[in-house]
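So the structure is just underneath, and the comments pick up after that.
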Amino acid sequence: MHPRFQTAFAQLADNLQSALEPILADKYFPALLTGEQVSSLKSATGLDEDALAFALLPLAAACARTPLSNFNVGAIARGVSGTWYFGANMEFIGATMQQTVHAEQSAISHAWLSGEKALAAITVNYTPCGHCRQFMNELNSSLDLRIHLPGREAHALRDYLPDAFGPKDLEIKTLLMDEQDHGYALTGDALSQAAIAAANRSHMPYSKSPSGVALECKDGRIFSGSYAENAAFNPTLPPLQGALILLNLKGYDYPDIQRAVLAEKADAPLIQWDATSATLKALGCHSIDRVLLA
């Protein structure tokens with residue numbers, strides 16, 4: 001079991017501990033539960049889906065990286081496929097506050113980058129901030145997404161974001177988590193190709209500035225993040241954050257990164273290079289390359 005889970009695991013009910021122990025035994029537990037695993041946990045504990053998600057939140061929050069606030073938030077995004085995806089907030093010392101990742105963004109990106117097609121619900125241990133409510137409104141499930149909070153009845157996003165402004169107001173038809181392929185040819189080595197593939201999945205209807213980041217760890221594992229724009233602009237999630245979300249949730253740490261590649265267009269209206277390289281250097285990665293989409 002990864003050390004970060006030990007304290008939270010010890011506080012779980014005995015029957016949930018017993019059912020989870022073989023799942024968490026792998027140090028690189030992928031921070032997700034398949035539909036089959038969810039069904040097995042429900043049977044072992046007698047909990048329904050909502051109660052089980054609440055019971056698992058401490059494990060999601062244990063994935064938080066909060067050296068600045070020490071305020072750990074956990075989220076579990078429930079995919080329409082039946083898979084549940086953990087998420088947690090992340091802060092980066094030496095970077096800027098704008099680089100921060102919120103738990104809801106983490107869980108949603110985890111699902112999206114794992115190939116999930118849409119979300120049915122998200123469970124969070126604290127009320128989503130306005131930034132996250134706006135981020136969720138970009139999803140293809142948008143205002144119908146169910147939000148579950150401890151001690152409250154579940155409500156749809158539309159109840160938390162009345163009179164919402166979103167992509168439909170800008171006549172955007174393709175939404176976050178819809179399948180997209182921008183068709184750029186995969187060239188270069190495996191890491192460069194992973195970055196280009198991530199850029200091809202970008203959701204960037206506002207700036208038309210595709211980008212993707214791929215991180216290679218010392219053991220050869222590659223984590224890729226795609227750019228995710230938002231109708232309100234500021235809640236946009238950069239591609240580096242997507243890759244760092246996966247790196248963290250899958251049990252790796254920043255010192256494990258040995259090389260990074262950013263893929264973007266040289267003449268794009270928005271450029272990721274400066275922010276990407278500055279944040280990576282703050283995390284200790286100095287081997288950073290850029291490949292140009294053509």
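Yeah, the Cβs are placed from backbone N, Cα and C, and that goes for glycine too.
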Annotated companion of Cys129, Cys132 at the Zn(2+) site, Swiss-Prot, chosen from His102, His110, His155: His102
Candidates Glu91, Glu104: member of the recorded positions with the richest Cβ shell (10 Å): Glu104
Fewest-neighbour residue among binding-site residues, criterion Cβ within 10 Å, set Cys129, Cys132: Cys129
Model confidence over the domain 'CMP/dCMP-type deaminase 2' (186-294), averaged pLDDT: 98
Inter-residue Cα distance where the pair is Met90 (substrate binding site) and Cys132 (Zn(2+) binding site), in Å: 14
Integer Cα-Cα distance in angstrom, Glu104 (active site, proton donor) to Met90 (substrate binding site): 11
